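Enquirer: This is the structure, below, for whatever I ask next.
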Amino acid sequence: MIQSDEVADALRTGAPVVALESTIITHGMPWPQNLDVARRVEETVRAGGAVPATIAVIDGTLHVGLTDARLEDLAQRDGVAKLSRADIAACMATGGTGATTVAATMIGARLAGIDIFATGGIGGVHRGAEDSFDISADLRELSETPVTVVAAGAKAILDLPKTWEVLETLGVPVIAVGQDSIPAFWSASSPHPAPLRMDRASEIAAAHVMRGAMGLPGGQLVANPIPAADEIPAEALTPVIDQALEEAAAQGIAAKAVTPFLLARIFELTEGRSLEANIALVLNNARLAAEIAQEIGALRRAGGPVA
Ligand code: PSU
Ligand code: MN
């Protein structure tokens, strides 16, 4: 593993660090906005008083914290693999280059000793999963790897009720921030009541440290609503999502190609509007994650929340 100097220094001194995924850059957003967003997310983490650690596998080496040159190269390179739990070790063993999904970023963060990670949305149970069995490895990772993930919920391309049921079955805390429903990515609220609600970063940090102290495996999903000004109403997106899903089915898109295909089609069909909202919510998540990282650091210095 190669850590950037900045990340290595922060981890050695106990300064706050926020992990960031790279699949959102390579498979989640189009060039060149992807590079711009990746840089802005890193700046936002810094402005929040934490060190950003974007994670990726480059030529067989796991990088935790990318130089700007590596970030730029990754953002425009063709043929970068999409790595989840199933393929990250194989990619490293064979000298490959790949971007990390939520699951693989959690694995990288844990290896480096990073507690918290910010992204846009997690993978989940796909619509029609009762036939396709397509359930993202992100869900199981959340139940196994002790990293707190800040996201704006999950996209409506998924079957959201089934996604939340699976997380409950797996014992993953789903914490809505400052509201009683689970946010639905482009929309701040949803009809799904949140299993847990917290209004302060310090509470989320305390719950994270408490889980660690109890030896509970797995992380927490912090579901942070998109800022109201950036929301897209669900009614506006429903026909677009339905069209993208129909096209995916007609073209036989399957397995790990499904999520990138749907995201790309929705960006095209909304003429970039979905991307603007996506950018706003990722930055909002980076801000909250930096705050939680600081609170976790303060609790660790004080000996944790257990008296
Ligand atoms: N959801 C988004 N944007 C993304 C992804 C999901 O709104 O970029 C990416 C993340 O990297 C996530 C992955 O971990 O897609 C899930 O892919 P799959 O459904 O194949 O597990
Ligand atoms: Mn899948």
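Backbone N, Cα and C define each Cβ position, glycine as well.
Feature annotation from TrEMBL assigns active site, proton donor to GLU21. According to TrEMBL, the substrate binding site annotation covers LYS82, VAL102, SER136, ALA137, ASP138. Look at TrEMBL and you will find ASP134 tagged as Mn(2+) binding site. If you look up TrEMBL, you'll see LYS155 marked as active site, nucleophile.
Quick one: how deep are these features, and who are their neighbours?
Expert: Sequence-distant neighbours of GLU21 (active site, proton donor) (same chain, six or more apart, CB under 8 Å from its CB) are THR54, ILE55, ALA99, THR100, THR101, VAL102, ALA104, THR105, PHE117, THR119, listed in sequence order. GLU21 (active site, proton donor) falls outside any helix or strand according to DSSP and counts as coil.
Neighbour count (other Cβ atoms within 10 Å of the Cβ, all protein chains): 25 for SER136 (substrate binding site). In three-state terms derived from DSSP, SER136 (substrate binding site) belongs to neither a helical nor a strand segment and is classed as coil.
Within 10 Å of the C-beta atom of ASP134 (Mn(2+) binding site) sit 19 other C-beta atoms, taking all shown protein chains into account.
The number of other CB atoms found within 10 A of the CB of LYS155 (active site, nucleophile), across every protein chain shown, is 25. LYS155 (active site, nucleophile) falls within neither a helix nor a strand when secondary structure is assigned with DSSP, and so counts as coil.
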Enquirer: If you draw a 10 Å sphere on the Cβ of ALA137 (substrate binding site), how many other Cβ atoms land inside?
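Expert: Here the count is 17.
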Enquirer: Which chain neighbours of the substrate site, leaving out LYS82, VAL102, SER136, ALA137, ASP138, have a Cβ atom within 8 Å of the mean position of the site's Cβ atoms?
Expert: THR23, SER84, ARG85, THR101, ALA103, ALA104, ILE122, GLY123, GLU141, THR259
Enquirer: Minimum Cβ neighbour count within 10 Å among the binding-site residues LYS82, VAL102, ASP138: which residue?
Expert: LYS82
Enquirer: At the level of the C-alpha atoms, what whole-angstrom distance separates SER136 (substrate binding site) and LYS155 (active site, nucleophile)?
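Expert: Answer for this pair: 13 Å between alpha carbons.
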Enquirer: For the C-alpha pair, I'd like the distance in angstrom between ASP134 (Mn(2+) binding site) and LYS155 (active site, nucleophile), rounded off.
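Expert: Per the Cα atoms, ASP134 (Mn(2+) binding site) and LYS155 (active site, nucleophile) stand 15 Å apart.
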Enquirer: Based on a Cβ-to-ligand 1 distance below 6 Å, what subset of the recorded positions GLU21, LYS82, VAL102 would you report?
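Expert: Those recorded positions that pass the cut-off, since their Cβ is under 6 Å from ligand 1, are GLU21, VAL102.
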